[in-house]
């Protein structure tokens, strides 16, 4: 019996050691149609740098971001994006595409980003970009574009960023923007092309938010006075497209490629432009002063009634009815813009864009709003309180006057003026001097006087032969009559007699 138990234990140990094949519990990993040598990660498909001359035949349907850059693609099949109904970004840069063709993007209605940069495209036809109604960013820089169809971008209603730099374009229509909607367009890069003629009135009529993102540097622009004044004003207003690339704005002084001069550094070329009128090129923006917490109303003033009105906020947000995403800005039925509670975020440039069949061209109106905090209001002046306070102070002063003891003046600290009740020492001195005086008064006064003045000499003063001298101590105290002494001396006023009383 024991050996059976040992045998069963040994068999269990052998089974555990051998294990079970993986194929029973875990099926082999599915490849999800991932092309050969490509990398598939969730909704990302990267086939970059593989030297592909054609697009892979099978692409995963869950792909949202497709990267086919740095290959050798020369053609794109019509409808090749039909299985990719979730596609949002397509990277076709650094290939050898020289043309697109009709229907290439017809099934990419959800595409947001299309990168066609660094190819060899020479033209864009009327239907090359059909089907891209949701496209927001189109990169076409570093190609060989020479011609753009008049309606090449007609179907791109949501396009906000268009990069056409580093091409060979000699002209561009700023009037209709080749079918683009100026309501959404925020960035238009036309730098490093061959633009030799630009309509200044068309430039001036563009919305302010598009001027801020219009890049025209490194083009052989003409040294035109009106164009110079316009770009100079943009530079002074701080538009980033001009301010950030001011050193790269050049113009041809003598219509020769070798005569390029820098717009903002060599102003001698435009010395004669001071008399050229620069007014009327742009409609001046209106400056508004708003206080935090107050309400603000902006109106889109147009020459004739407009069919459609849209606004662009300082944060580059397109505003249509009912208003902004956060609800702080409302667009009303008449096209006006209302802010119920102004905050610091509402400071900046608000642009109104009006379109309609009766308007010869799109009209814009600009408001430069500055937001300030309200000053604290001063407290109201309380006359009742001040009256009560004045009465209390007056009562205290009256009580002090009636019941407070008189001021005992110190001779050095307090100098109070009091009329003396007794004759002062100076008065006594004056009286004695008048008594001792030998000058007889006038005759009438002697007759009128019936009084006799008698002076008795002290016994100790008899040896002075009747001569007395008035002397004042060094520290003469005006308020101590005892400090005044009569001294004998040789200089007396007069000598009248010796011992005995003297009568005068």
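Residue 1 is the first one shown; counting continues down the chain.
Each Cβ is built from the backbone N, Cα and C atoms, and glycine gets one as well.
Small disclaimer: the values here were computed from a predicted structure and weren't measured.
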**Asked** Looking at 321-341, 342-362, 363-383, 384-404, which one is transmembrane segment according to Swiss-Prot?
**Response** 384-404
**Fill in**
Per Swiss-Prot, the region 'Disordered' among 287-313, 422-448, 449-475 spans residues 422-448
**Prompt:** In the repeat 'LRR 4' (134-155), how many residues does DSSP put in helix, strand and coil?
**Reply:** 0 helix, 5 strand, 17 coil
**Request:** Determine the Cβ neighbour count for residue 40 (disulfide bond): the number of other Cβ atoms within 10 Å of its Cβ.
**Result:** 18
**Prompt:** What residue among the disulfide-bonded residues 47, 225 has the most other CB atoms lying within 10 A of its CB?
**Reply:** 47
**Message:** Could you check which of the disulfide-bonded residues 38, 40, 47, 300, 352 is the closest Cα neighbour of residue 225 (disulfide bond)?
**Reply:** 352
**Item:** Secondary structure at residue 223 (disulfide bond), reduced by DSSP to three states
**Value:** coil
**Asked** When DSSP states are folded down to helix, strand and coil, where does residue 273 (disulfide bond) land?
**Response** helix
